[in-house]
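This report concerns only the one structure given below.
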Amino acid sequence: MDFLLLGLCLHWLLRRPSGVVLCLLGACFQMLPAAPSGCPQLCRCEGRLLYCEALNLTEAPHNLSGLLGLSLRYNSLSELRAGQFTGLMQLTWLYLDHNHICSVQGDAFQKLRRVKELTLSSNQITQLANTTFRPMPNLRSVDLSYNKLQALAPDLFHGLRKLTTLHMRANAIQFVPVRIFQDCRSLKFLDIGYNQLKSLARNSFAGLFKLTELHLEHNDLVKVNFAHFPRLISLHSLCLRRNKVAIVVSSLDWVWNLEKMDLSGNEIEYMEPHVFETVPHLQSLQLDSNRLTYVEPRILNSWKSLTSITLAGNLWDCGRNVCALASWLSNFQGRYDGNLQCASPEYAQGEDVLDAVYAFHLCEEGAEPTSGHLLSAVTNRSDLGFPAGPATTLADDREGQPDSTPEPVTVALPGEHAENAVQIHKVVTGTMALIFSFLIVVLVLYVSWKCFPASLRQLRQCFVTQRRKQKQKQTMHQMAAMSAQEYYVDYKPNHIEGALVIINEYGSCTCHQQPARECEV
């Protein structure tokens, strides 16, 4: 069909006057994409891509057209003026990072409708007008990190329905306007970390139905309310580490699909008992380096899907309230840091939480109740693998409140059987170590005998020679001791034919020893 239409057009053109044909051909050539102009000096051209990087440029090259990509990074640009890129209507990406840009006029990106990626990071931009990104409705990625932005215009991201990635890390942003991301329905990654946020509005993140990862670390937030993240149904990762959060609450009863939450390095002292019931699919939780002293049993019961948790660096109170946490850790099948140290009372400071529970018998029957919790004995400890013996159960004493009453938590204490098992384990381990050492020595000797037989023969001869020398020395010492005794020895040689009176094992002789006599001089 296309060839048929082309043939009809050619046939029609051939019947027309030559002037009309030339005009039509000129119009067609004008509609074709313009080829890129000559490559500017010191720049690098790759087809329709232009790289003018690290050239100390103070303004963008002129008379550019037909480009698909332009990189002006690592230069000295200080301002983006209105209509500066009007000749680049086919541009799809623009890199302006690592310059000295401090001013961006509202219509600086006019006629750049096809741009999908814009990088303005590592500059000195202090503000952006509402109309800055209006000419670029096809943007997929915007990087504004490492600038000096202090405030965001309420409609800065209006109309960016295709935006998927937004970086605003390391600025000086103090507040996120309400519904500023309302039109960013395709946004999946948002980074506002390393700013100066002190609080969040309830609808700051409204409209982000496809957001999967949100970074708010290293800000100045003092309170986290899960109601600030309404209907983020696709959110899987939330990073809030290194803020100043003291309490974590949830004022809305709704469930979301969060799988990873980082609250480490804050100042958390209190968490509402029901706060984690809104995230039933949570798998990874970081709570290390906070000010927690204990964890409510209801919170522990809501950590059913966790596979990884960090709790070190908190101010754990190893009193009777620690029993619930100790029981939960004993049954936890996932990964945890295992460095939970007691901060109080004084006699348990520096001790591991689980060791303190067992060593100081913190959860035994007869302990006094504290903080509205009651300790009672339980005889069944098969779940923890210990023999039947004393144990304790932690239960909330509030009645008539089914939503806030936790399930009983059992803490098992090891008895004599457990101590005997530990001793047996030590003995077996020591025996195995000795056997292993002996086998290693035998193996070394065998390998040496196989690989260096001559050396072993020489070594054995040396040992034999040393033994002979030692025996000779002993014999000489004995003879010297015998010669020192003053004995009168009388001997009579045998004059038998063939007998020789020769000493030193060459003949035979007979000796008669007479009693010792005193001689007068």
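Backbone N, Cα and C atoms are what each Cβ position is placed from, and that goes for glycine too.
On a predicted model such as this, the values are computed, not experimentally measured, just so you know.
Quick look at what Swiss-Prot annotates:
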- 35-63: domain 'LRRNT' (DOMAIN)
- 64-87: repeat 'LRR 1' (REPEAT)
- 89-111: repeat 'LRR 2' (REPEAT)
- 112-135: repeat 'LRR 3' (REPEAT)
- 136-159: repeat 'LRR 4' (REPEAT)
- 161-183: repeat 'LRR 5' (REPEAT)
- 184-207: repeat 'LRR 6' (REPEAT)
- 209-231: repeat 'LRR 7' (REPEAT)
- 233-255: repeat 'LRR 8' (REPEAT)
- 256-278: repeat 'LRR 9' (REPEAT)
- 280-302: repeat 'LRR 10' (REPEAT)
- 1-34: signal peptide (SIGNAL)
- 448-521: topological domain 'Cytoplasmic' (TOPO_DOM)
- 427-447: transmembrane segment (TRANSMEM)
Intrachain residues whose Cβ lies under 8 Å of the domain 'LRRNT' (35-63), provided they are six or more past its termini: 69-78, 84-85, 87, 90
Average model confidence [pLDDT] within the repeat 'LRR 9' (256-278): 96
Tertiary contacts of the repeat 'LRR 2' (89-111), as residues 6+ beyond its ends and Cβ separation under 8 Å: 33-34, 48, 66-83, 117-126, 128-133, 135-136, 143
Distant-in-sequence neighbours of the repeat 'LRR 5' (161-183), which means Cβ under 8 A and at least six residues beyond its ends: 121, 137-155, 189-208, 215
Helix, strand and coil residues within the repeat 'LRR 8' (233-255) as assigned by DSSP: 0 helix, 6 strand, 17 coil
Residues in the repeat 'LRR 10' (280-302) grouped by DSSP into helix, strand and remaining coil: 6 helix, 3 strand, 14 coil
